[in-house]
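Per Swiss-Prot, the feature domain 'J' maps to 5-70. According to Swiss-Prot, the feature zinc finger maps to 136-214, an assignment based on sequence analysis. Residues or ranges marked as repeat 'CXXCXGXG motif' in Swiss-Prot: 149-156, 166-173, 188-195, 202-209. Annotated Zn(2+) 1 binding site per Swiss-Prot: C149, C152, C202, C205, in sequence order, evidence recorded as similarity to another entry. What Swiss-Prot lists as Zn(2+) 2 binding site is C166, C169, C188, C191, and the listing cites similarity to another entry.
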Amino acid sequence: MAKADFYETLGVAKSADEKELKSAFRKLAMKFHPDKNPDDKDAERKFKEINEAYEMLKDPQKRAAYDRYGHAAFEHGGMGGGGGGFAGGGFSDIFEDIFGEMMGGGAARQRSSGGRERGADLRYNMEITLEESFSGKTAQIRVPTSITCDVCTGSGAKPGTQPKNCGTCQGTGRVRAAQGFFSIERTCPTCHGRGQIIPDPCPKCHGQGRVTEERSLSVNIPAGIEDGTRIRLQ
């Protein structure tokens, strides 16, 4: 079976520059990625073709050889072949973007490295009188707040016990899965990106290391505020 033209595979013209190639690859990789198309052999095959086409066309030397000789330039090991995986520098940035969008921005990776997690956004709807909107006021509101558990001091483990390194990911929070001739890094399914497992969870926070409590906040409502106005607190 004849191989598809690399330019046609990516849906770009032969005059496409590096930026156009990268944009086309990223769009198609997102569409046909195995994680978005589980058990779909056609999508997996298409993803491999997209990967191979970009691997060749992003390299100026390989692209020049392909433009001159077509697929024959890579037969019998010429120019290093077409299955070299992610040796080029362009893939790391692109796949980091792709996995970021697919996996919610890499929060699990941040947890496994010990970084502080960003709290969830909260929205509070407040009703005030017409008089208050003219004169302004200071209002007290109560909002749920995530704080460190005072029983386990944030470890998530029952007092007197300790978390253990995850045996699946060896404490990294990430695992690699083979997909044909390339591999994909994913959040560890055992520890969910933490890098640790908790055999004996804390009875108060149930292994989360944090608990939710309400706290009071003062909100200054400025004079002349209009209906639908948003006030942001950080």
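Residue numbering: from 1, along the chain as shown.
Using N, Cα and C of the backbone, Cβ positions are placed for all residues, glycine too.
When the alpha carbons of C191 (Zn(2+) 2 binding site) and C202 (Zn(2+) 1 binding site) are compared, the span between them is 16 angstrom. Remark: the repeat 'CXXCXGXG motif' (202-209) makes no contact with the repeat 'CXXCXGXG motif' (166-173), by the rule of 3 or more CB pairs under 8 A. Cβ atoms within 8 Å of the centroid of the Cβ atoms of C149, C152, C202, C205 (the Zn(2+) 1 site) belong to the same-chain residues D150, V151, T153, G154, S155, G156, A157, P201, P203, K204, H206, G207, Q208, G209, R210, V211, site residues excluded. Each residue in the zinc finger (136-214) has a pLDDT score, and their mean in this model is 87.
Counting every protein chain shown, the number of other Cβ atoms lying within 10 Å of the Cβ of C202 (Zn(2+) 1 binding site) is 22.
Helix, strand and coil residue tallies for the repeat 'CXXCXGXG motif' (202-209), in that order: 0 helix, 0 strand, 8 coil [DSSP]. The DSSP breakdown of the repeat 'CXXCXGXG motif' (166-173) into helical (H, G, I), extended (E, B) and coil residues amounts to 0 helix, 0 strand, 8 coil. Residue density at C149 (Zn(2+) 1 binding site): 20 other Cβ atoms are found within 10 A of its Cβ, drawing on all protein chains shown.
Here the C-alpha separation of C169 (Zn(2+) 2 binding site) and C205 (Zn(2+) 1 binding site) works out to 24 Å.
Annotation for C205 (Zn(2+) 1 binding site): same-chain Cβ neighbours under 8 Å, separated by at least 6 residues, are C149, V151, C152, G156, V211. Here the repeat 'CXXCXGXG motif' (188-195) has, by DSSP, the following mix of helix, strand and coil residues: 0 helix, 0 strand, 8 coil. Other C-beta atoms found within 10 angstroms of the C-beta of C188 (Zn(2+) 2 binding site) number 21, with every protein chain shown included.
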